[in-house]
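Peer 1: Dropping a structure here in structure tokens format, bear with me for questions.
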Amino acid sequence: MIGYIRLELIRTVRDGGYVIFGIASPVVMYLVLSNLALAPGDRRSGAVVTMVSMAAYGALGCAFNNGTGIGEDRSAGWLRQLRLTPLAPVHVVAGKVVTGAVGVVPSIAAVLLTGVLVNHVALSAGQWLSIVGLLWAGTVPFALLGLGNGYALTGQTAAMANIAAFLGLSIVGGLWVPTAGFPGWLRAIAEWTPSNSYAALSWDVASGAAPGARPIAILCGWLAVFGLYALYAYRRAGRTA
Amino acid sequence: MEIDAVSLTAVTKSFGAVRAVDGLTLAIPQGRTVALLGPNGAGKSTTIGMLLGLVPPDSGKVALFGLDPAQAVRQSLAGAMPQEGGLIPRVTVGELLTFVAGTYRAPLPLGQVLALAQMTGMDNRRVDRLSGGQAQRVRFAMALVGDPGLIVLDEPTAALDVEARRQFWSGMRTLAGRGKTILFSTHYLDEADEQADRVVVIDRGRVVADGTSAEIKKVVALTTVSLTASGEVSWLGGLPGVRRLEVRGDRVQLRSDDPDATVMALARAGAVRDLEVTPADLEDAFVALTAKETV
């Protein structure tokens, strides 16, 4: 399985979609948005809020991109080829999940480092650790949605579905522009999205509070939904592959 | 007695109303090179899918080395090259083959695999930038890199030109010489004839002939004895061995299942003129076998 993870990581690093959506785009957007000061409060706290938003945005991009990869692999006959090697199917799935989880890290790190180095964001060590941990672990529901699309749809369609879900959830969830500026009806929707709940956990920590119970509950609810979807899509793909 | 490398017993598989494989039984002892020959849609790929554990049969039993196919694959006993696909972008030939090798218990060294697949020096090339023929060689290399006892190839030369096919079969013969069991499907008759020591002809999901290519030709195809004759020739149709008589201008073609007897009788009758005896080819046999039920 180590060999499979190594191979998948090599492919991830050479993937233009990963570099653009996962690393370059969130860092550039962070630099632009934090200097426009769209976030509420003073410039300093704006830099913190936007840093969390863009790290969440980048992590989502990586998580969905990983799911798109599964769709491509299926179309290319790669998953069938893997079934013709001694590698166990459960190791293939586990390897893909680990690759996705590892792939998220550079994206989160790139934005947080930009926050420290360029915008001089200062947080306590405990806050940094909590934010990295929450941003990392919180990608699981999105990774499952991405994988579900990858298994349920063919290469091109899976890519489109994942980009749509990624951008839709990022925008409606208030990762680009804070929901404070949304009209009332849209804000009501935003507060139920997994992306808003996901980022809210780290926004809370960054502002010195403990993560709220409500976003945790909502994110866990979506985790269950996307988990069931991924399981269903995986089983269905297994029958047709 | 050694366990058969491949064993299918009364295997059936339908897709909707189409019965792709219909009660197929086949046993391949270890160390043989066997061709699965049949027209398009005969059930070759479905049969191969079932014996590799990719397609579950509706009924019947499939075993590789006495094991469930998926289990045999897990135990490094088989390697396969499906008809298409299996290559991924953004990796080099060397990275891909090193990964596949790592999943097997006792793989071949990379250099040896590259040599067998005629790819020496190409391990740094990106898989997504190869020509069709080169990609086919990488797929072949993936099937053999684990050094499994059984190698299954579904239409391995379909995308290759003549020279690439020649090189491919030279690599295959090296493997066969190392005692590997090789099963390949093809619709090229000459490949089955030249490369396999046993040919299994399947049509409409069933085995219609099974033996060496010489045996198959002998059973179903007729030798052609042709000669020049004029006037009344219908008596030639009554000679020993003659099953069919065709007249083309002043040439008479006698299709015979006992050409020796036919020629002796012609000699006794003093009718030998411009005599030509053409042995049956596998194509005649193939046509005879697979056309039987379409009428």
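Including glycine, each Cβ sits where the backbone N, Cα and C put it.
Annotations per TrEMBL:
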DOMAIN    A:51-231  domain 'ABC-2 type transporter transmembrane'
TRANSMEM  A:16-33  transmembrane segment
TRANSMEM  A:45-66  transmembrane segment
TRANSMEM  A:87-113  transmembrane segment
TRANSMEM  A:125-147  transmembrane segment
TRANSMEM  A:159-177  transmembrane segment
TRANSMEM  A:216-234  transmembrane segment
Peer 1: Does the chain bring the transmembrane segment (A:216-234) near the transmembrane segment (A:125-147), so that three or more CB pairs sit under 8 Å (pairs 6 or more apart in sequence)?
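Peer 2: Yes, since the transmembrane segment (A:216-234) and the transmembrane segment (A:125-147) share at least 3 Cβ pairs closer than 8 Å, they count as touching.
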Peer 1: Residue list, the transmembrane segment (A:16-33) vs rest of chain: Cβ under 8 Å, 6 or more residues beyond ends.
Peer 2: 39, 50-51, 53-55, 57-59, 61-62, 64-65, 68, 103-104, 106-107, 110-111, 114-115, 118, 166, 176
Peer 1: Between the stretches A:45-66, A:125-147, A:159-177, which one has more Cβ pairs under 8 Å with the transmembrane segment (A:87-113) than any other?
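Peer 2: Maximum Cβ contact count belongs to A:45-66.
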Peer 1: Report, as numbers and ranges, every residue of the chain located at least six residues beyond the transmembrane segment (A:159-177) whose Cβ falls under 8 Å of a Cβ in that stretch; write 'none' if there are none.
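Peer 2: Here the qualifying positions are 21, 29, 33, 38, 53-54, 56-57, 60-61, 64-65, 67-68, 71-72, 142, 145-146, 149-150, 153, 186, 189-190, 193-196, 198-199.
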Peer 1: Within the same chain, where does the transmembrane segment (A:125-147) have neighbours whose Cβ lies under 8 angstroms from its own Cβ atoms, ignoring anything closer than 6 residues to its ends? I mean 6 or more beyond.
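Peer 2: Contacts of the transmembrane segment (A:125-147) (Cβ under 8 Å, skipping residues fewer than 6 from its ends): 52, 55-56, 59-60, 62-68, 70, 96-97, 100-101, 104-105, 108-109, 112, 162, 165, 169, 194-195, 198, 201-202, 205-206, 208, 211, 219, 222-223, 226-227, 229-230, 233-234.
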